[in-house]
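K.L.:
This structure is in structure tokens; I'll ask about it shortly.
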Amino acid sequence: MQLTALLALATLAIAAPAEPSEVAPRNVLTGPCSSGVTNSNPQCCGAGILGILYFDCETPDEVSSPINPLKTICAAEGLQAKCCTLGIAGLGVLCTDALPE
């Protein structure tokens, strides 16, 4: 019993970091879309159904920036700026409005 307790204590002492590590701040946004798993693909899309499926989606040819936001790039083509989870064959799946830059 004492050996088990001693081994558990030794394991915890070895596993504990010597110094507290610093977490560097990171930007969670990469352009008009979040950097998560969902809604991370910038798309210019046409009409949509219930915010789940959008038609006529295409990846913009230009890189968006604060000077030239995705909304402006898509509006020039008559489309809406969206952030989609998946873009396949002109369809945008699980899309939300793009964030302002």
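Backbone N, Cα and C atoms are what each Cβ position is placed from, and that goes for glycine too.
Pasting the feature list from Swiss-Prot:
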SIGNAL    1-15  signal peptide
DISULFID  Cys33-Cys83  disulfide bond
DISULFID  Cys44-Cys74  disulfide bond
DISULFID  Cys45-Cys57  disulfide bond
DISULFID  Cys84-Cys95  disulfide bond
K.L.:
Are there any residues in the same chain, six or more apart in sequence, whose C-beta is under 8 angstroms from the C-beta of Cys74 (disulfide bond), and if so which?
P.N.:
Cys44, Cys45, Pro60, Gln80, Ala81
K.L.:
Just how many other Cβ atoms lie inside 10 Å of the Cβ on Cys84 (disulfide bond)?
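P.N.:
Other Cβ atoms found within 10 Å: 25.
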K.L.:
What is the number of other Cβ atoms found within 10 Å of the Cβ of Cys83 (disulfide bond)?
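P.N.:
Counting Cβ neighbours of Cys83 (disulfide bond) within 10 Å gives 24.
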K.L.:
At 10 angstroms around each C-beta, which of the disulfide-bonded residues Cys45, Cys57 has the fewest other C-beta atoms nearby?
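P.N.:
Each of the disulfide-bonded residues Cys45, Cys57 was scored by Cβ atoms within 10 Å; lowest is Cys45.
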K.L.:
Using DSSP, would you call Cys57 (disulfide bond) helix, strand or coil?
P.N.:
coil
K.L.:
Measure from the CA atom of Cys95 (disulfide bond) to the CA atom of Cys57 (disulfide bond) and give the result in Å, rounded to a whole number.
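P.N.:
Here the two Cα atoms lie 10 Å apart.
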K.L.:
Under 8 Å Cβ-Cβ from Cys33 (disulfide bond), six or more apart in the same chain: what's there?
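P.N.:
Those within reach of Cys33 (disulfide bond), by Cβ under 8 Å and sequence separation of 6 or more, are Asn39, Ser40, Asn41, Pro42, Cys83, Ala98, Leu99.
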